[in-house]
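Read the structure below first, then the notes.
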Amino acid sequence: MPIVLVRPTNRTRRLDSTGAGMGPSSHQQQESPLPTITHCAGCTTAWSPCSFNSSDMETPLQFQRGFFPEQPPPPPRSSHLHCQQQQQSQDKPCAPFAPLPHPHHHPHLAHQQPGSGGSSPCLRCNSCASSGAPAAGAGAGDNLSLLLRTSSPGGAFRTRTSSPLSGSSCCCCCSSRRGSQLNVSELTPSSHASALRQQYAQQPASASQYHQCHSLQPATSPTGSLGSLGSGPPLSHHHHHPHPAHHQHHQPQARRESNPFTEIAMSSCRYNGGVMRPLSNLSSSRRNLQEMDSEAQPLQPPASVVGGGGGASSPSAAAAASSSAPEIVVSKPEHNNSNNLALYGTGGGGSTGGGGGGSGHGSSSGTKSSKKKNQNIGYKLGHRRALFEKRKRLSDYALIFGMFGIVVMVIETELSWGAYDKASLYSLALKCLISLSTIILLGLIIVYHAREIQLFMVDNGADDWRIAMTYERIFFICLEILVCAIHPIPGNYTFTWTARLAFSYAPSTTTADVDIILSIPMFLRLYLIARVMLLHSKLFTDASSRSIGALNKINFNTRFVMKTLMTICPGTVLLVFSISLWIIAAWTVRACERYHDQQDVTSNFLGAMWLISITFLSIGYGDMVPNTYCGKGVCLLTGIMGAGCTALVVAVVARKLELTKAEKHVHNFMMDTQLTKRVKNAAANVLRETWLIYKNTKLVKKIDHAKVRKHQRKFLQAIHQLRSVKMEQRKLNDQANTLVDLAKTQNIMYDMISDLNERSEDFEKRIVTLETKLETLIGSIHALPGLISQTIRQQQRDFIETQMENYDKHVSYNAERSRSSSRRRRSSSTAPPTSSESS
């Protein structure tokens, strides 16, 4: 079914009855490029909820009480008893819109004149398109465009064309006031296939046509607010026959507590039975939605609009609906059910829309063809891991059935030799059991190789399985099937076996069973043990080890796993292999020799074990010799295996006796200390003997030649001892410089060189910084003369201006002073003479 992913964002805002935003995002309301839907008076109904609750809906769209706090809850007004019961049974209405008269109570509001869409005082909403045949035909072009989009930029649910909706309009609110506007730019309609199917089953076909959004339905049906999906005629509802089951079903759902802000952003339309799931990680929503958008397929509901007057379809309305229906893109469905197609193609009256069914079939084939092409790396890794687990499980089952067949074969062979013959029913039953286990084993092997081919296709991106079928793979598959198919056939079949006895060389002829030829090759099934060990190895299943191995070009196969086991626990591996080979070879020699061994020498199990042991160890006493070529061949293989195991034992013992690195370092340190002491002692002996020789030859009156020769011999011995100790010390130093120590020294030198390189790079960076600073300083120095000259000129200009101002002041002062002196002289000349002057 199609999956619609919606990412909740902070862009979700409340909407009041006029379409204006409330809350923290109200300032974005004016910037929204999407138009608003204007509801006219004809689409207003009594107050009813629009909570799209359903039992199969994951995130229903519910409007809590108080979602529009600016409007007081209006009193319930309805002309029918059903409307009053519906209003009383709802605990949490979606939006308390003001009640207005119903269209069918006021025909002058519901039915308008054809062709008067342009002169209408209000814009016609989507719900008014199907009020009648004339109105639907004429008002199809007058409907306002409804844009459906999600909050994410690369959403997987969007409309590709913005066209008017006539018959298939989805109303987000089923009631409003006169002249109210509702912005649906942030809302996505929601519809449910299950609720629609229940409504189609419950509502009978009727000729009376009501408005799709105005019919009062039970609260559990989402079509009361959504209308029809364009797949049939509008449903007629009888107000005087309320269904009690609807109220009982709505009561537990209406009490569901939810956040209106989150639900508005996360609610989406489940077209064709789709399921909405919110994204768990917001950081990956853009990438996921873009991937889904590349695989999206358009789903268009068929244009089946039925007008009034007995349910006759209107051609003009159907044409307008088919031409103007929005193309809604839904994510790629995994399974297209016939019920989902029938939801769009079948109407309430039984009419089927062929266009919807054809569109669904085309989208189904398109999605199936593009499913494998658009698989991302996450899907491939998950599919590859699942194939790994299945292959490991198949290998385990194959080993179980293979070992079961071997055990039953051994039991049947031993019982038929001592308890009963091959013609008994017990032997037949055991052989039938062996055959059954062999058939199951062959089936498991075939399925195992099929899984390997699927893994090859996933790893190499191949589309056809024939690409993986190389001649080498086909040969090994056929060889494996042939090896596992060998088993004793039910029935008693014999042949004549002739051999020559060991010591008497007399011919021996006897009648042997064919089962001996078919039983011994069953031990070849033990190769399944190596496969199981490989698939269960930590080196093979761990992703980190496989990544490191791939970087180092290491192939993780059975050989590599056996090498690691021989490195980790060589003694255990050799012990298990030797004991298993010993027991199997001894039983095989017993089964081969029992038809020609009259003295019961090699046909005895203990005697056969002795023969295999001395052959395995390459001793060969000669007291026991096989008579048949079968026994001789088993002894030959045992001798070869014994030589190899003996060499491995010697290598393992030598490795165990070898000193470890720490032990070598301790041993070298102790030997170096001892050699240092010996060098000191030898040097002291040389000095002592030299002194004694000097004393006995120079400091005595009578020279004792015997004593002098004795000290000379000791002196020569001390020199020789000193030289030998120094040679041993030099050899010890050479032995200490092993490959591991050289590697360690190389690592130390590499670290030193790396440190020097880092220091040189740091030094170069500092030099570059210093050069940059020097260049800046040189530029500043070059610009200094200009700055100095400019400063001098400015200071000179200021000085001149100051001097000019002082000069002007001085001149004005002198002029003022001269004027004042002349004024005083003039006043003194014009003054009358005094009495003293006159006398």
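Just so you know, the numbers here start at 1 and follow the chain as drawn.
Note: Cβ is positioned from N, Cα and C throughout, glycine not excepted.
Taken straight from Swiss-Prot:
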COMPBIAS  198-212  compositional bias 'Low complexity'
COMPBIAS  219-235  compositional bias 'Low complexity'
COMPBIAS  236-253  compositional bias 'Basic residues'
COMPBIAS  313-326  compositional bias 'Low complexity'
COMPBIAS  345-363  compositional bias 'Gly residues'
COMPBIAS  810-819  compositional bias 'Basic and acidic residues'
COMPBIAS  828-839  compositional bias 'Low complexity'
INTRAMEM  605-625  intramembrane segment
MOD_RES   Tyr420  phosphotyrosine
REGION    1-33  region 'Disordered'
REGION    64-115  region 'Disordered'
REGION    195-258  region 'Disordered'
REGION    280-375  region 'Disordered'
REGION    672-748  region 'Calmodulin-binding'
REGION    810-839  region 'Disordered'
TRANSMEM  398-418  transmembrane segment
TRANSMEM  428-448  transmembrane segment
TRANSMEM  474-494  transmembrane segment
TRANSMEM  516-536  transmembrane segment
TRANSMEM  565-585  transmembrane segment
TRANSMEM  634-654  transmembrane segment
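Three or more CB pairs closer than 8 A are found between the transmembrane segment (398-418) and the transmembrane segment (474-494), so contact between the two stretches is assigned (pairs 6 or more residues apart). For the region 'Calmodulin-binding' (672-748), the number of residues in each DSSP class (helix H, G, I; strand E, B; coil) is 69 helix, 0 strand, 8 coil. Broken down with DSSP, the compositional bias 'Basic and acidic residues' (810-819) shows 10 helix, 0 strand, 0 coil. Remote same-chain partners of the transmembrane segment (428-448), defined as residues 6 or more beyond its termini with a Cβ less than 8 Å from a stretch Cβ, comprise 391, 394-395, 397-398, 401-402, 404-405, 408-409, 411-412, 415, 480-481, 484-485, 487-491, 525. Every protein chain considered, the tally of other Cβ atoms within 10 Å of the Cβ of Tyr420 (phosphotyrosine) stands at 12. In the three-state DSSP assignment, the secondary structure recorded for Tyr420 (phosphotyrosine) is coil.
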